[in-house]
Amino acid sequence: MEKAAGSPSVGGSYPQKNAEILSSQYGINLFLAGLLLTFAWAVHAVGISKSHLLSYLITLMLIQLLWMLWYLCRSCTQRRLIRDKDTHAGARWLKCGITLFAVITLILDSFKIGYYIDFSNCLSPTEGIFPVTHAVHTILQVYFLWCHAKDIIQSFKTLERFGVIHSVFTNLLLWTNGVLTESKHQLNEHKERLITLGFGNITIVLDDHAPQCNCTTTTLCSVFSQGIYYLYPFNIEYHILASTMLYVLWKNIGRKVEHHQQHKTPFKFHGITVGMIFGLIVLTSTIAIVVVYLIQIGRSKIKSELALTMFYLHAIFVLALMCTAGIVALLIYRLEDRSLDNSKNPARKLDAELLVGTAAGSWLLSWGSILAIICAQAHPKYTWYNLPYSVLVIIEKYIQNLFIIESIHREQEKVNDDIKTLRIVTISRGSTLSLTPSYKEIYNGRAARDRGEVPCLFKGSICGRENGGGAKEETRQESSSVMHSASDFSFYSSNSVTNNKRRVLKNIAAFLFLCNLSLWIPPAFGCRPEYDNGLEEIVFGFEPWIIVVNLAMPFSIFYRMHSAASLFEVNCKT
């Protein structure tokens with residue numbers, strides 16, 4: 001009977017499973033085709049130009065726009081229907097973050113439009129169409145994510161799977177295009193820096209895709225060309241965040257959810273002052289270090305070496321603090337006895353996988369630096385600071401990943417039954433209990449005290465009598481009440497310890513949140529010692545090491561922003 005009853009649901013899941021497999025394969029092939037086209041343009045393949053790449057990206061964006069418009073129109077016609085929602089997906093702070101990045105991306109698109117107008121004599125029309133299409137795509141996509149990121153789609157599931165996965169890989173291709181463009185800009189400045197450090201034996205011709213004509217207004221062209229590359233980090237983060245939110249939407253298609261009340265966890269500044277102060281100090285000092293680094297690097301050999309030494313010392317100090325904070329948080333978790341939430345949650349699972357997966361990028365760079373230091377024949381003084389820096393990067397991410405993953409899997413603390421069953425009763429004949437005023441205020445409030453009512457705290461029962469009773473019975477009642485109040489004092493003390501632990505954890509999460517934002521800034525804005533110290537290029541060769549850095553650095557940058565987002569969620573949840 002059980003097998004027969006279950007067979008329809010099992011059989012009915014086959015078409016949807018096949019649709020999931022087919023749509024994922026469609027998305028992967030879409031991405032691989034675009035990836036090869038991007039690579040062909042980057043290496044100046046015969047017959048492949050930038051206009052071909054942009055035409056492909058424009059086509060993908062237009063298809064996604066059509067699908068989003070169809071989905072929005074269909075949602076408007078069915079707005080009265082009650083739909084399932086994934087309360088863990090599309091958090092408000094995540095939507096605010098992607099909106100901020102989208103606004104800066106729109107500024108980037110406006111700069112590209114201005115750049116195209118100034119060089120319109122020698123640029124393909126696709127370079128003017130692309131930023132316009134991208135701006136429309138950005139506006140509609142942000143609106144779509146704000147309204148429907150939490151949706152659990154139960155109709156037109158096969159069609160929606162293809163539409164959502166198309167959107168996921170379209171954003172990944174736009175992310176790849178942004179990463180490649182930004183990396184080529186970094187490489188154009190890299191060789192000059194190495195020459196000032198004395199690595200003149202490294203020779204490579206760095207290609208440049210600059211327009212082959214003069215700008216109509218030189219000043220504006222300079223502003224647009226330089227401003228574009230400072231805005232690319234935000235564009236890169238925007239597309240990777242959009243792709244992750246859309247991927248969660250894709251995983252939720254056809255999902256059955258349990259209907260239970262989800263507790264809101266708003267962010268509060270109360271109780272995290274210490275963590276915020278130390279985090280802001282780290283953030284401020286990091287910005288100052290980045291500014292000095294970008295000014296000094298490449299000016300002369302001495303200034304470049306001082307800039308690298310300053311960067312390494314600051315990073316070592318910050319990473320050591322983060323390791324210490326993470327260890328303290330893990331020790332607090334070991335002292336607590338709280339179960340983990342192992343329920344199915346696509347958003348939480350994706351967060352954990354992204355943390356470990358993207359951390360591998362910086363781990364690869366760190367192990368490359370360690371190996372270069374060990375194998376190099378000559379060691380300039382500043383390169384020795386790279387050794388503890390690389391080791392701490394590996395350890396810090398290892399500890400931080402443990403802390404974040406355990407935090408997002410821990411069940412939220414429930415209200416204790418002892419608190420729920422407290423009663424306020426009136427004891428006749430003016431009898432009093434030995435309770436301190438602060439304890440009365442916590443459990444009974446000022447109103448009971450002002451009315452002359454005296455509390456009696458029993459676990460789940462009402463104590464006290466309203467009528468009669470001799471002196472012996474009254475004395476026994478008071479003695480019992482005092483015993484219960486003593487046990488309640490013990491409970492209150494235990495609750496106070498728990499609150500102190502939570503306060504420490506919230507401060508650690510706030511501190512690590514700001515530290516990860518701080519460590520996102522240097523590589524995102526061109527402060528990359530992996531490029532500039534030159535030792536790795538000597539050991540591995542210029543081209544192999546540059547390829548490794550260009551592949552690993554985007555994941556390392558994304559790791560810091562994703563960690564900051566996860567730590568923000570941990571702070572709200574703790």
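Positions of Cβ are set from backbone N, Cα and C atoms, glycine also.
Lifted from TrEMBL, the feature list:
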- 26-47: transmembrane segment (TRANSMEM)
- 53-72: transmembrane segment (TRANSMEM)
- 93-117: transmembrane segment (TRANSMEM)
- 129-146: transmembrane segment (TRANSMEM)
- 229-250: transmembrane segment (TRANSMEM)
- 271-295: transmembrane segment (TRANSMEM)
- 311-333: transmembrane segment (TRANSMEM)
- 354-379: transmembrane segment (TRANSMEM)
- 508-526: transmembrane segment (TRANSMEM)
- 538-559: transmembrane segment (TRANSMEM)
At a threshold of under 8 Å on Cβ distances, which of 26-47, 93-117, 508-526, 538-559 pairs most often with the transmembrane segment (271-295)?
508-526
Same-chain Cβ contacts of the transmembrane segment (53-72) under 8 Å, 6 or more residues past its ends?
30, 33-34, 37-38, 41, 124, 126-127, 129-130, 133-134, 136-137, 140-141, 144, 147-148, 160, 163, 166-167, 170, 173-174, 177
So what's near the transmembrane segment (538-559) in sequence-distant terms, Cβ-Cβ under 8 Å and 6+ beyond its ends?
175, 179, 183, 187, 190, 199, 202-204, 233, 236-237, 240, 354-355, 357-362, 364-365, 368, 371-372, 375-376, 397, 520, 523-524, 528, 530-531
